[in-house]
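Asker: My structure is below; once you've seen it, I'll send some questions.
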C-alpha cells in the first residue's frame, strides 16, 4: 500500500496559532477553532431544521466545518488585516487556498479521495452549507473576542466591533436564536454558569 501524508499534515493544525498579530490571554490554534466551529455549525443547522423549517444535513455540515480551515496546514493562517488589505490580495489568497485545498485532497489515498474531496473542496459545498459554516466561523471568532475581553484584554475590542458587523451581514433566524440562547453565558464566570447545575 502506498503511504499517505494526509493525516500527518492535518495533525499540524494544532501548531498553527490564530490571531498571530494580537496579544492573547490564551492562544487559540486552528485545531481548537475547527472543533468549536464544527459544534456551532452543527447547532446552527439543527436549530434551522427544528425551529425554522430547514432541511439541512447537520452532521455533514459539522464535518465541513471541521475541515473548513484544513488548507491552512499548507498556507498558514494569514492575519485578517493582511488577507483583506485590498481586493486584489483577498482574491489572490482565495486562489492560493483553492490550490492548497486541491493539494491536500491529492494527498489522500486514491481509494479514499472521493470521501475527503467534498469535505475539503468548498466548491463541492452547497450555498446553504457555505452560509452556515461561515456563520459559525464568524460566531466562534466573536466568542473568542468575548472571552479575551472578559479576561481584561482590550486588544480584542476593535475585532469584536468588526465581527459584530460581519455577523449582521450574515444574520439568520438560526443565528439570532444562537445569539439569544447561548452567547450571553460567555459573559459569565464558571461559578455563574455552574449555579443551576451543581455536581
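Using N, Cα and C of the backbone, Cβ positions are placed for all residues, glycine too.
Sharing the record's features from TrEMBL:
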BINDING   18, 19, 33, 69, 77, 78, 79, 80, 137  substrate binding site
SITE      18  site 'Appears to be important in orienting the phosphate for catalysis'
DOMAIN    30-142  domain 'HD'
BINDING   33, 68, 69, 137  divalent metal cation binding site
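Walk me through the surroundings of each of these features.
Answerer: Mapped onto three states, the DSSP output places residue 77 (substrate binding site) in coil.
In the three-state DSSP assignment, the secondary structure recorded for residue 18 (substrate binding site) is coil.
Sequence-distant contacts of residue 33 (substrate binding site), defined by Cβ-Cβ distance under 8 angstroms and a gap of at least six in the same chain, are 18, 69, 140, 144.
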Asker: Report, in whole Å, the straight Cα-to-Cα distance of residue 137 (substrate binding site) from residue 68 (divalent metal cation binding site).
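Answerer: One finds 9 Å between the Cα atoms of these residues.
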Asker: Just name the most isolated of the binding-site residues 69, 77, 137, going by other Cβ atoms within 10 Å of its Cβ.
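Answerer: Candidates: the binding-site residues 69, 77, 137. Fewest Cβ atoms within 10 Å: 77.
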Asker: Which of the listed binding-site residues (18, 68) has the least company, meaning the fewest other Cβ atoms within 10 Å of its Cβ?
Answerer: 18
